[in-house]
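Single-structure report; data block below.
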Amino acid sequence: MSDNGELEDKPPAPPVRMSSTIFSTGGKDPLSANHSLKPLPSVPEEKKPRHKIISIFSGTEKGSKKKEKERPEISPPSDFEHTIHVGFDAVTGEFTGMPEQWARLLQTSNITKLEQKKNPQAVLDVLKFYDSNTVKQKYLSFTPPEKDGFPSGTPALNAKGTEAPAVVTEEEDDDEETAPPVIAPRPDHTKSIYTRSVIDPVPAPVGDSHVDGAAKSLDKQKKKTKMTDEEIMEKLRTIVSIGDPKKKYTRYEKIGQGASGTVFTATDVALGQEVAIKQINLQKQPKKELIINEILVMKELKNPNIVNFLDSYLVGDELFVVMEYLAGGSLTDVVTETCMDEAQIAAVCRECLQALEFLHANQVIHRDIKSDNVLLGMEGSVKLTDFGFCAQITPEQSKRSTMVGTPYWMAPEVVTRKAYGPKVDIWSLGIMAIEMVEGEPPYLNENPLRALYLIATNGTPELQNPEKLSPIFRDFLNRCLEMDVEKRGSAKELLQHPFLKLAKPLSSLTPLIMAAKEAMKSNR
């Protein structure tokens with residue numbers, strides 16, 4: 001990289017995208033301790049008494065009159081469960097009992113048979129993670145651990161025991177009750193994991209067809225969900241402001257379109273301030289409680305390095321979220337269209353770490369740090385944002401615009417479904433720093449499922465040209481991309497790293513922003 005101080009006079013040429021380099025461990029698997037090479041345990045037999053309970057509420061009457069007198073009436077189960085049992089045959093190298101949807105995903109994943117045989121548990125981990133509907137929140141609250149002892153890995157999918165709770169306080173039990181959803185018709189490479197519940201509503205759980213009582217239980221759950229949605233809408237009405245946003249804001253100009261809504265710029269009539277307004281169609285939001293959570297969190301998070309929430313309105317089923325507008329666009333435009341020097345990268349990393357230190361101090365994990373979610377002001381200000389509500393501002397013709405929410409920035413402990421905390425954001429920041437160097441994250445050209453496998457088994461990715469980076473920058477990256485979470489730097493610690501002392505003034509980003517805008521105009 002060049003430290004050319006004349007950047008303002010002549011912006012550098014846009015970088016040419018190169019294929020991702022896959023890190024090789026020379027046969028050594030950093031996560032071998034977590035993913036045993038032995039065959040997975042055999043499928044445990046179902047317990048007989050379960051069928052007796054089913055017969056009680058399924059309408060069977062043979063020989064049941066006497067028993068009905070002896071025992072109280074048993075209601076249908078409130079949490080019907082469709083358990084998946086998957087095994088692996090080390091001799092044939094084939095999985096047994098794998099759901100058809102998973103098998104299809106695996107066939108198109110480009111994970112080789114050798115890789116599957118080498119680490120079958122890692123394959124199951126990433127399949128379950130990729131197909132899980134628990135990856136649904138972007139801003140998440142977390143509880144600081146009282147003890148250092150967390151589970152070292154996820155249990156095998158055919159284990160009967162319950163999984164130890166993660167540090168993150170999200171309801172992960174729900175996904176254990178649902179079978180893998182049907183593969184969406186759109187290409188997997190463009191699918192957003194974080195917005196999967198918005199783009200592809202998860203189908204109802206698949207139960208045993210002969211259990212009428214279970215079907216009734218599912219109907220009961222659906223009614224309960226509908227009632228909960230009504231309660232959520234009522235709660236939302238107590239949070240938003242009263243009024244018509246079309247009267248308070250004028251000069252609406254569409255700048256983005258997403259799966260469940262649209263992003264506009266507009267002008268505040270009273271203040272003359274330009275704002276960004278996200279118009280969200282709540283009918284396309286199956287998890288409306290997440291919207292309440294995000295609004296409440298954003299209302300509390302006021303920080304110079306976070307795009308500020310301004311107001312919200314509810315008009316019918318349309319939610320309008322008003323946010324601070326930054327005209328410089330996303331960092332993605334800069335990293336894909338220009339070349340950044342180390343001092344400019346240091347400036348961006350410092351600003352993002354300041355935002356993360358604030359979030360983590362308030363027990364919030366962002367969990368989606370990437371260049372797409374870093375917005376720039378024309379004067380060079382750097383702010384974290386989250387457009388997970390509905391739309392992405394990046395133009396649709398851009399290759400990167402389809403990659404929002406994909407797994408390339410995820411920390412290994414997230415992919416392998418271990419307990420995790422705020423340091424997942426630090427890993428993602430390290431991946432974003434690689435973006436600023438190379439124009440893309442590692443494994444971008446891989447199938448998303450194989451990318452997850454490589455993250456889980458390879459760990460720290462390798463740079464394409466590490467010799468071009470200064471030792472101090474490489475050390476910063478190593479601190480961010482440390483596999484051992486305990487050794488990985490925190491936001492507070494990394495703010496003291498010598499690399500950040502190299503940072504140029506934020507105004508040095510303005511020429512890059514201008515150059516990126518010009519390059520994007522010429523590409524249209």
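Quick reminder: no glycine exception, Cβ is built from N, Cα and C everywhere.
The feature N6-acetyllysine is assigned by Swiss-Prot to Lys62 (among others).
The region 'Autoregulatory region' annotation in Swiss-Prot covers 69-137.
Residues or ranges marked as region 'GTPase-binding' by Swiss-Prot on the basis of similarity to another entry: 69-112.
Annotation comment: Swiss-Prot describes 74-87 as domain 'CRIB'.
Feature annotation from Swiss-Prot assigns N6-acetyllysine to Lys128 (among others); the stated evidence is a large-scale study or a structure entry. Neighbour count (other Cβ atoms within 10 Å of the Cβ, all protein chains): 20 for Lys128 (N6-acetyllysine).
For Tyr139, the entry in Swiss-Prot reads phosphotyrosine.
Residues annotated as compositional bias 'Acidic residues' in Swiss-Prot: 169-178.
The annotation N-myristoyl glycine is assigned in Swiss-Prot to Gly213.
Under the heading domain 'Protein kinase', Swiss-Prot lists 249-499, citing sequence analysis as support.
The DSSP secondary structure for Gly261 (ATP binding site) is strand. Annotation comment: Swiss-Prot describes Ile255, Gly256, Gln257, Gly258, Ala259, Ser260, Gly261, Thr262, Val263, Lys278 as ATP binding site, evidence class sequence analysis.
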Between Lys128 (N6-acetyllysine) and Val263 (ATP binding site): CA-CA distance (Å): 32
Among Ile255, Val263, the one of these binding-site residues whose Cβ has the fewest neighbouring Cβ atoms within 10 Å: Ile255
Whole-number Å value for how far Lys128 (N6-acetyllysine) lies from Ile255 (ATP binding site) (Cα to Cα): 35
Cβ-Cβ neighbours of Gln257 (ATP binding site) (radius 10 Å): 14
Neighbouring C-beta atoms (10 Å sphere around the C-beta of Gly261 (ATP binding site)): 24
